[in-house]
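Taken from Swiss-Prot as is:
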BINDING   19-26, 81-85, 136-139  GTP binding site
BINDING   T26  Mg(2+) binding site
DOMAIN    10-203  domain 'tr-type G'
REGION    19-26  region 'G1'
REGION    60-64  region 'G2'
REGION    81-84  region 'G3'
REGION    136-139  region 'G4'
Amino acid sequence: MAKESYKRDKPHVNIGTIGHVDHGKTTLTAAITLVLSKQGLAQERDFGSIDKAPEERERGITISTAHVEYQTDKRHYAHIDCPGHADYIKNMITGAAQMDGAILVVAATDGPMPQTREHILLARQVNVPSLVVFLNKVDIADPELIELVELELRELLSQYDFPGDDIPIIKGSALKAMEGDAEGEKAILELMDAVDAFIPDPVRDVDKPFLMPVEDVFSISGRGTVGTGRIERGRIKLNEEVEIVGLRPTRKSVVTGIEMFQKLLDEGQAGDNAGLLLRGVDKTELERGMVIAKPGTIKPHTKFKAEVYILKKEEGGRHTPFFNGYRPQFYFRTTDVTGSVTLPEGVEMVMPGDNLAIEVELLAPIAMDEGLRFAIREGGRTVGAGSVTKINE
């Protein structure tokens, strides 16, 4: 059977289910596929197939993630669901599964629990732009309790700078929907309407300002210096001005040639592996770890705050804790830079398996924005992962 071609007739959005263990994230994911499959908009996936999520490696970290796809009348969705709490933390911090929005699942019988809070905080820290809430198990909860849980949730969301008063909270039962109950199914359709309406269309990478990390550098005799890499975002056209940012003082240049697979192009765009010929740049002035970007859109920094996850020993991480002043390498995009770590007040040491907020000072400046992901390495071995939450300098 020939492969079906991917139709781009609807906006594509990446979402996922987040929330406390056993509140019904995977059951809800299965229920969405079941209900939408009845309209021909999804292939039904049972709980077991989602729960046995395959392992993936992202920035040297093994994460179990299930990928499910479905459509509504308005959009095409790629939906991720993780079996374990640690998988969520790793997923959100490494950006392995970038989410444009998330469905926060809360059991009405329990209300917000520690992981509910932690997932909301992480969603805020790693820039998940918006949340919709599914209040699950309402069929077995006391109606008065449901109202209290809703109030508590709105307060909790507001506490972490989400619009708690405006976020849609859909009440339902994922299990009832799985059993084919009409009320149960109606709640799932309501949830998908809320997701369609409340989670904004993502800005496509192509429409963002141009940026390409430099992976390799070579010179063409008589023509100049070429930087190669995969274009991360935006587009670049011939004779456009660019800035070279990171490691050394920022400098300007002009792109006089764009090459891809040995062919010359007029334009390169996000996702392309390209070589850019740069006017007036010496081979010694360009190196791996710099970025070539649209002027004025990104600056080099050395000091930042980050949310990090430190690998357990079983995951190939450190066997021992580390302390204030720890100096590993931070791997940004294409290169390692040494940096020193300041722990939050009151934290004496960090154990393998912990996730926490730290401050970092790098030895050399790197082009960065808030939300940039990195790996923490020691001698080429990954011992952690992180996301820049605030730039200090």
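Cβ coordinates are placed from backbone N, Cα and C, and glycine is handled just like the others.
Feature map: annotations from Swiss-Prot on the structure.
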| residue | record | DSSP class |
| --- | --- | --- |
| G19 | GTP binding site | strand |
| K25 | GTP binding site | helix |
| C82 | GTP binding site | coil |
| V138 | GTP binding site | helix |
Given the binding-site residues C82, H85, V138, tell me which ones have a C-alpha lying within 10 Å of the C-alpha of T26 (Mg(2+) binding site).
C82
I need to check the long-range neighbours of the region 'G3' (81-84): which residues 6 or more away from its ends have a CB within less than 8 Å of a CB in the stretch?
16-17, 21, 25-26, 29, 50-53, 63-66, 68, 91
Looking only at the region 'G2' (60-64), what are its DSSP counts of helix, strand and coil residues?
0 helix, 4 strand, 1 coil
Sequence-distant neighbours of K25 (GTP binding site) in its chain (C-beta under 8 A, six or more apart):
T17, I18, G19, D81, V105
